[in-house]
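Below: one structure, written as structure tokens.
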Amino acid sequence: MFETASGILNSIGVQNPGVDAFIERELPFLKGFDVPVIVNIAGETVEEFVYMAEKLDIEGIEGIEINVSCPNVKKGGMAFGVNPDDIFDITRKVRKATSKTVIVKLTPNVTDIKVCAKAAEKGGADAISLINTVAGMAVDIDKRRPVFENVIGGLSGPAIKPIALKMVYEVVTVVSIPVIGMGGIMNYKDALEFLIVGARAIAVGTCNFVNPYCTVEIIDGIKKYMEENEIEDINEIIGSIKI
């Protein structure tokens, strides 16, 4: 990981112990919390995604989030998420493999995010989440080499919020399924921006590295904002942007 002026570049991949170990060791712990468990899955082939979706179609799991930013080894390592046809195919097959809620997490590293979102909806997604990290790079000026061995990393944090907001706004206008917004949310004001442009829920990532209480503070901040503005139902905020 590499800290930038307004975010974090990472090249850590999606290391994890595997679906079997997750079910055996991690799921019992997560089930102890009074919240729905949504599992993000990543694979190198469509078959791997389907296999994991089938394995996770069990009690205690409410939803599956498909990480389409993964490289498709059958297409030279190109990410599933940059090709609408691949998004449709993987979503359709995962949808058939599970009874759980299916969420597709889109990559921002595309020409037209709207086309990708529509492909996910057509494939049977129940919701769409966006954005994943933005491709970026950092250089060690003393060694004159990239900071990361893989050269390219994924940028998250405040720097990507304007990009994320734009893409959430665009996607909301072309799909009828719920959109979960994320990307650079650091406080309740950031979260409210996503809700105002139409996100029905938000997710917080990088902020937790800076402040472990970030999510709780965001929830409290939204509640206070609603009280101060005499808003009784959060649906009054969602999609309330005035153009």
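Positions of Cβ are set from backbone N, Cα and C atoms, glycine also.
For C70, the entry in TrEMBL reads active site, nucleophile.
Per TrEMBL, the feature FMN binding site maps to N40, N67, K105, I131, G157, G183, G184, G205, T206. The secondary structure of G157 (FMN binding site), as reduced to three states from DSSP, is coil rather than helix or strand.
The Cβ neighbour count for N132 (substrate binding site), using a 10 Å radius over every protein chain in view, is 23. The annotation substrate binding site is assigned in TrEMBL to N67, N132, T133.
What TrEMBL records for 1-226 is domain 'Dihydroorotate dehydrogenase catalytic'.
Across the residues annotated as binding FMN (N40, N67, K105, I131, G157, G183, G184, G205, T206), the widest Cα-Cα separation comes to 20 Å. In sequence order, T4, S6, G7, I8, G184, M186, T206 are the residues of the chain that are 6 or more apart from G157 (FMN binding site) and have a CB within less than 8 Å of its CB.
Within 8 A of the CB centroid of the substrate site residues N67, N132, T133, the other residues of that chain are S69, K105, T107, I131, G154.
Taking CA atoms as the reference points, T133 (substrate binding site) and N40 (FMN binding site) are 15 Å apart.
Long-range neighbours of K105 (FMN binding site) (same chain, six or more residues apart, CB within less than 8 Å of its CB): N40, E65, I66, N67, V68, S69, I128, S129, L130, N132.
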